[in-house]
């Protein structure tokens with residue numbers, strides 16, 4: 001296949017940052033996607049409907065001239081979130097979900113939940129008004145091996161959560177293991193997003209020729225057997241699995257440092273990366289549903305009507321992109337990629 005035209009996709013897990021960083025990265029997403037679920041982990045985080053409304057206006061103001069893009073907002077769940085805020089979020093129409101970060105799990109997660117059991121009243125309100133919960137599904141116990149933190153989270157927290165709130169719609173975000181795939185398949189009212197890096201790379205990519213900080217993200221890349229399980233899930237045609245890049249921009253000097261930030265930047269070339277992954281298992285015919293149908297169906301939103309086209313036209317990913325401070329290094333910077341969005 002040399003050409004692929006599909007319904008315009010959406011990104012169901014995206015970091016846009018704020019200020020000058022927002023203005024630097026937003027054009028990449030606007031070019032590829034019609035909508036995106038925007039993560040709330042700013043400094044300070046987006047904790048209220050008022051915060052979300054203000055952030056949404058800043059995003060809309062940064063859309064390039066002629067661009068068509070709808071930011072779908074989220075609230076940052078904390079120990080102090082109250083049920084009244086959930087009711088207001090649902091009524092707002094522009095807040096589409098609430099994000100759970102375990103405190104300290106990833107970038108700007110210091111305000112996260114210290115004990116999910118403290119959130120029972122809020123989760124009950126979310127179940128009642130049908131507002132989805134988005135989970136960064138890792139435990140933060142330093143005694144748990146970093147490669148096992150998703151599996152342990154499912155066993156320790158997610159299984160009891162499903163039993164307590166069976167009608168709550170849940171997205172287990174950026175899944176990385178066969179354990180997560182099997183859990184999502186077995187549970188009702190639960191879906192999962194999958195990133196391009198977790199479809200394309202195993203943990204070997206982190207250490208190819210030395211430490212490779214631009215492949216470091218959380219949850220961390222896993223064994224090859226887990227990558228293959230994710231690839232099978234993404235290309236299976238099961239509507240529980242859909243696109244979420246988790247594209248996370250960090251300045252080069254924040255990645256290439258003694259204690260580098262977690263996150264891969266893929267918004268520039270996300271659809272090309274996904275196309276490469278799907279083509280690797282002869283499943284390009286499954287890409288449209290994964291990228292364009294299953295996400296809006298889960299969120300009970302209309303599917304897009306516009307289209308995009310990808311062509312077999314090899315090109316080289318830039319070594320660096322403009323970004324505040326010290327530039328932004330995209331995933332697989334400097335390498336050739338087969339597909340190109342036209």
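Backbone N, Cα and C atoms are what each Cβ position is placed from, and that goes for glycine too.
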| said: Based on Swiss-Prot, name the residue from 75, 168, 218 that is recorded for the same substrate site as 15, 16, 17, 41, 136, 250, 262. | reply: 218
| field | Candidates 117, 174, the one Swiss-Prot lists with 99, 136 as binding Zn(2+) 2 | value | 174
| request: Going by Swiss-Prot, 13, 15, 99 bind Zn(2+) 1; tell me which of 148, 179, 246 is listed for that site too. | output: 246
| Neighbouring C-beta atoms (10 Å sphere around the C-beta of residue 262 (substrate binding site)) | 16
| field | Count of other CB atoms lying within 10 Å of the CB belonging to residue 246 (active site) | value | 26
| said: Using the Cβ center of 13, 15, 99, 246 as the Zn(2+) 1 site position, which other residues in that chain lie within 8 Å, going by their Cβ? | reply: 14, 37, 39, 41, 134, 173, 174, 244, 248
| task | Sequence order is fine: just name those binding-site residues in 13, 99, 174 with a Cα within 10 angstroms of residue 218 (substrate binding site). | result | 174
